[in-house]
Amino acid sequence: MKIISDIQELRDHLRGQNRASFVPTMGNLHEGHLSLMRLARQHGDPVVASIFVNRLQFGPNEDFDSYPRTMQADIDKLEKEGVYILFAPTERDLYPQPQEYRVEPPEQLGKILEGEFRPGFFQGVCTVVLKLFSCVQPKVAVFGKKDYQQLMIIRQMAKQFALPVDIIPGETIRADDGLALSSRNSYLTPEQRVEAPHLQRILNEVRHQVLDLKDRNSASLSQIEKQAVEQLVKRGWQPDYIAIRQQIDLSISSDESLQNGESLVILTAAKIGNTRLIDNLEI
Ligand code: PAF
């Protein structure tokens, strides 16, 4: 595997490749990321991965400094997956000047849910992803469904800017006890790690409650959301949200669209101790 930090060198290496398949990451790779590498391989060749902890998407009180950086272990894993190029720019490589041009997603997608609790997050994500796309120029790029809202926003960005890249979703990979794999799971104490799978358990309960509803309407959905939040609080979590939304655009369901049998997704973010976990479940 070639490890490249310089944008020009990356372009030189990829010259003439028009089927490259790209997986952007922030490193600290786990089985979830590796499943995205395998999916990337099915959709293009060569596979290019990136590791860059993107300061722009972290708020001032978030974990940019402490975000786990495990470059050598990551390199070993990517080599085993047969990744052709690892693009691992430094901040100076990717942002040689202050990044003053930014991509701002539309409010109705970018300022809800994660965007409400992490102001500037999606602007930072879109800006770096657009820049990484411009460096790698992939034919396809793979993003995990664990970051459901991120995936949707990047898809829309690619569409609205007519970027010549197909966005492929990768399924969430879970530990045996149901906890969605995430780099931030490494922050959990042993006790919190035992508690953490309850987030997915509660999402499953919400899913059953929605499916069992005889008369689906927006009031009954918000009642289910409220009870689920209360359940998390009782267990010692600090939930930011549990939201049942339309899969198509993450908007709140109207009674009419519910009657028409639209597809829903349950999204959640909640803190256990100092660690904020996110998860989601499609209905
Ligand atoms: O999902 C992530 O790891 C990051 O948000 C991404 C897409 C690599 C952008 O920094």
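We count from 1, first residue shown onward.
Keep in mind that glycine also has a Cβ here, set from the backbone N, Cα and C atoms.
Among the features that TrEMBL reports, ATP binding site is placed at 26-33, 144-147, ILE173, 181-184. The active site, proton donor annotation in TrEMBL covers HIS33. If you look up TrEMBL, you'll see GLN57, GLN150 marked as (R)-pantoate binding site. Sequence annotations record features per position, and here TrEMBL assigns beta-alanine binding site to GLN57.
Among the binding-site residues listed (MET26, LEU29, GLY32, LYS145, ILE173), MET26 have a CB atom closer than 6 Å to some atom of ligand 1, in sequence order.
The separation of GLN57 ((R)-pantoate binding site) from LEU29 (ATP binding site), Cα to Cα, is 18 Å. Cβ neighbours of GLN150 ((R)-pantoate binding site) (same chain, under 8 Å, six or more residues apart in sequence): GLU114, PHE122, VAL125, PHE143.
For the residue listed as 'active site, proton donor', applying a Cβ distance below 8 Å and a minimum sequence separation of six or more within one chain yields VAL23, THR25, LYS77, GLY144. Here the binding-site residues are MET26, LEU29, and the one with the most other Cβ atoms within 10 Å of its Cβ is LEU29. The two recorded residues, SER183 (ATP binding site) and GLN57 ((R)-pantoate binding site), have Cα atoms 16 Å apart. All protein chains considered, the CB of GLY32 (ATP binding site) has 20 other CB atoms within 10 Å.
Look at MET26 (ATP binding site): DSSP puts it in coil. Note: the CA-CA distance between MET26 (ATP binding site) and GLN57 ((R)-pantoate binding site) rounds to 11 Å. Around ILE173 (ATP binding site), the same-chain residues six or more apart in sequence whose CB sits under 8 Å from its CB are HIS30, GLU31, GLY32, SER35, ALA180, LEU181, listed in sequence order. Its own atom aside, the Cβ of GLN57 ((R)-pantoate binding site) has 21 Cβ atoms within 10 angstroms in the protein chains shown.
Remark: LYS145 (ATP binding site) has LEU151, PRO169, GLY170, GLU171, THR172, ASN280 as non-local neighbours, by Cβ distance under 8 Å and separation of at least 6 in sequence.
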